[in-house]
């Protein structure tokens with residue numbers, strides 16, 4: 001290609017456009033490139049380039065996705081730094097001065113295998129667990145406004161250890177610290193790297209349960225063994241979740257559905273995995289209990305985890321509505337229903353958190369939903385309506401869920417614990433208003449576009 005002055009021009013995206021006064025002249029060098037014999041060394045180079053190109057195409061998507069995930073994670077940490085560990089999260093046992101423990105940012109670290117990453121988390125967890133969490137963070141941990149997005153896995157493990165310690169479980173049930181740490185780490189290892197039902201979700205549910213225990217003063221109303229059941233049920237309630245719900249398991253006739261005869265296959269599996277972990281002597285936080293205590297805890301955990309199957313939501317809520325006006329903390333049946341309700345509330349409590357915390361969780365949930373509906377379409381299975389990316393919008397999914405699931409459940413619990421009006425019920429009402437406004441704006445925009 002030549003310019004009007006006859007100068008050879010390099011072809012690039014920055015070339016100015018042709019015009020009547022300034023135009024480019026093309027000279028045909030070859031009309032049939034296949035007829036030109038290429039030197040042998042160039043042929044080899046061409047093969048190598050084709051191979052390199054295929055390698056790049058094959059590997060780039062995973063690398064880009066991983067990098068994007070890391071950038072988003074780091075961005076969230078930078079946007080809200082009030083309780084980041086690099087701002088002085090920990091203090092030494094013997095000193096009042098705070099330690100500055102910086103995050104180890106992943107972009108500069110070579111990509112690790114799953115096992116290598118887990119061992120990195122374990123070492124960081126054990127190193128950090130020798131430090132003491134500040135009182136400020138301990139108090140913040142007891143509130144529903146706690147922001148999970150600021151914390152890495154190892155830090156979340158430290159905070160879970162704090163929950164068990166501050167509720168005095170180690171002393172009451174003769175739990176050795178090392179055994180608790182092994183148990184927590186094994187729980188972490190048994191959550192899968194999926195968009196929503198992952199270890200961060202496990203932490204959020206457990207932290208909400210912990211916060212509710214303090215907010216409602218359940219420590220003075222229930223025995224410590226029941227508090228242990230609720231907290232540990234929250235911790236284990238989604239162990240080894242595959243990212244596809246019970247409807248999919250049953251329709252696809254998966255091994256889990258066949259094993260549990262289509263009866264709450266996921267929840268039964270979560271329970272089985274939990275007690276599989278506890279069966280390991282080095283992880284058995286219940287090993288120093290009497291057989292009666294163990295039987296009580298096992299039975300309670302199974303009931304609480306099975307209660308998280310949303311197919312049983314109306315059944316459990318109806319029972320609670322009946323007993324709520326005459327609720328008696330000394331009545332065993334009443335307490336059992338309350339414990340189920342507390343775990344259920346914790347499990348679906350994201351909308352009770354600040355919007356900056358809650359909304360990213362909705363994005364994660366929809367991603368997992370859409371993954372399932374895409375798979376259902378590919379396999380010719382019935383498509384779950386509220387998961388279909390072609391039919392569901394972000395605001396519509398939440399307005400219905402909040403209106404018909406969250407508000408009825410949270411309202412009943414608030415009747416028993418009026419203190420939850422401000423901390424749980426009001427934020428959920430604000431979330432409904434937020435998504436209702438978003439849905440109206442979306443519909444108005446669609447109407448304008450059609451017009």
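Numbers here mean position along the shown chain, with the first residue as 1.
Glycine is treated like the rest: Cβ placed from N, Cα and C.
All TrEMBL annotations are machine predictions without curation.
Residues or ranges marked as domain 'PDEase' in TrEMBL: 114-442.
The active site, proton donor feature in TrEMBL is assigned to 197. Within 10 Å of the C-beta of residue 197 (active site, proton donor) we count 24 further C-beta atoms, all protein chains included.
Per TrEMBL, AMP binding site is recorded for 197, 198, 199, 200, 201, 238, 347, 398. Over all protein chains present, the Cβ of residue 198 (AMP binding site) has 18 other Cβ atoms lying within 10 Å.
Residues or ranges marked as Zn(2+) 1 binding site by TrEMBL: 201, 237, 238, 347.
Per TrEMBL, the feature Zn(2+) 2 binding site maps to 238. For residue 238 (AMP binding site), applying a Cβ distance below 8 Å and a minimum sequence separation of six or more within one chain yields 191, 197, 201, 202, 205, 266, 270, 308.
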Discussion item. I need the CA-to-CA distance for residue 198 (AMP binding site) versus residue 237 (Zn(2+) 1 binding site), whole Å please.
Written reply: 11
Worksheet item: How many Å lie between the Cα of residue 398 (AMP binding site) and the Cα of residue 237 (Zn(2+) 1 binding site)?
Response: 22
Discussion item. Comparing the binding-site residues 201, 237, which residue's C-beta has the most other C-beta atoms within 10 angstroms in this structure?
Written reply: 237
Worksheet item: Whole-number Å distance between the CA of residue 237 (Zn(2+) 1 binding site) and the CA of residue 347 (AMP binding site)?
Response: 8
Response to the item:
residue 398 (AMP binding site) has its Cβ surrounded, within 10 angstroms, by a count of other Cβ atoms equal to 25
Discussion item. Counting only residues 6+ away in sequence within the same chain, which have a CB under 8 Å from the CB of residue 347 (AMP binding site)?
Written reply: 205, 234, 237, 308
